[in-house]
Amino acid sequence: MFGIGTKNIGIDLGTANTIVYVDGKGIVLREPSVVAKNSKTGEIVSVGEDARAMIGRTPASIVAIRPMKDGVIADYDTTVAMMKYYIQKTLGSSNGKPYVMVCVPSGATEVEKRAVIDATRVAGARDAYVLEEPFAAAIGAGLPVMDPTGSMVVDIGGGTTDVATISLGGIVSSRSIRMAGDKLDEAIVAYVRQHFNLLIGERTAEQLKWDIGSASKSAVSADDVSSIRGRDLITGLPKTIDVSAVDIAEAIHESVEEIITAVKETLEETSPEIAADVIDHGIVLTGGGALLHNLPDVIADATKVPVFIANDPLDCVAIGTGESLKSIDVMKKK
Ligand SMILES: Nc1ncnc2c1ncn2[C@@H]1O[C@H](COP(=O)(O)OP(=O)(O)OP(=O)(O)O)[C@@H](O)[C@H]1O
């Protein structure tokens, strides 16, 4: 679909979303990391946005699977099928297999990285290379990663939050925690069940987080409410209730605190020179989680460092991966 002869592609293989970047073209595909399969035959029914719409709504014969969990591969075969579909959709009938750069969380083990490389090759890559997510995020956010000055990036995705300080083209200190968007959604589901006896699905919880979620309890009002539908745990029947922004802030409070602790701990490990640079330039937030209301203020308050949201935070990792494609030629010679 996207032209003959494009041989290098970058993939942000995320827990929530997969984004594909083609050298010379930019981002060409942005889809949820979801695959719907026939549960008996294993046949793929749909991939991406269509499959996401099926989550929580499938009949017994179909399962909607999110093959990535906590930033790494949880279901190898389904990940391969998903990547194969996206690579083919991106490159169409162009001849030749692409070289592919894929992002992994900074906390991924060697085994987890190897699984990503193998899956990418099986999915159709001539060869595959991995890049650490916070480094890609920093490039995508336009930070001066090659300069002798410290930058700090906090990438909050669906599965992991990656915090890193970067200088002179390398990660100086980093932390990757399995606490990000998905865990906030789970916390909302649990809170609504506990406080309202209502069972809601993960998509409803995510929508609540987008609409009225806040990292700060004091910055929101109990008058800011949202109507949600679910199943009443007592009667077993469908029910609609109103929940407020204060409820949702309370629900995700502990999870947000864990993210803040990871940022503080990374700062504490940072050398005085880099810490001084970070104070001057601020901390940059990337990933979809950066869009949680009031998050920059809460992190700035806890660290006493200015905090900014990158432009297009959801695309930073993919853009950074794409920019790094230039180094594939160097990697190929190794
Ligand atoms: N406006 C918003 N407010 C709060 N959270 C949001 C918003 N928009 C997106 N998100 C959350 O961002 C997360 C997805 O972000 P992103 O696409 O950066 O993650 P990913 O790259 O798929 O995950 P990972 O990097 O952990 O593998 C989801 O949890 C989503 O709910």
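The chain as shown is numbered from 1 upward.
Just so it is clear, glycine is given a Cβ too, placed from its N, Cα and C backbone atoms.
Copied from TrEMBL, the annotated features are:
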type    : residues                                                                                                    : note
BINDING : Thr15, Ala16, Asn17, Gly158, Gly159, Thr160, Glu206, Gln207, Leu208, Lys209, Gly288, Gly289, Ala290, Leu291 : ATP binding site
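Feature map: annotations from TrEMBL on the structure.
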| residue | record | DSSP (3 states) |
| --- | --- | --- |
| Thr15 | ATP binding site | coil |
| Gly159 | ATP binding site | coil |
| Glu206 | ATP binding site | helix |
| Gly288 | ATP binding site | helix |
For ligand 1, which among the binding-site residues Asn17, Leu208, Ala290 have a CB under 6 Å from it?
Asn17
Rounded to whole angstrom, what's the largest C-alpha distance between any two of Thr15, Ala16, Asn17, Gly158, Gly159, Thr160, Glu206, Gln207, Leu208, Lys209, Gly288, Gly289, Ala290, Leu291, listed as binding ATP?
20
Number of Cβ atoms other than its own within 10 Å, given for Thr15 (ATP binding site):
23
Using a 10 Å cut-off on Cβ-Cβ distances across all protein chains shown, tell me which of the binding-site residues (Gly159, Gly288) has the largest neighbour count.
Gly159
Work through the binding-site residues one by one (Glu206, Leu208, Ala290) and point out the residue whose CB has the fewest other CB atoms within 10 angstroms.
Glu206
How many other Cβ atoms sit within 10 Å of the Cβ of Asn17 (ATP binding site)?
23
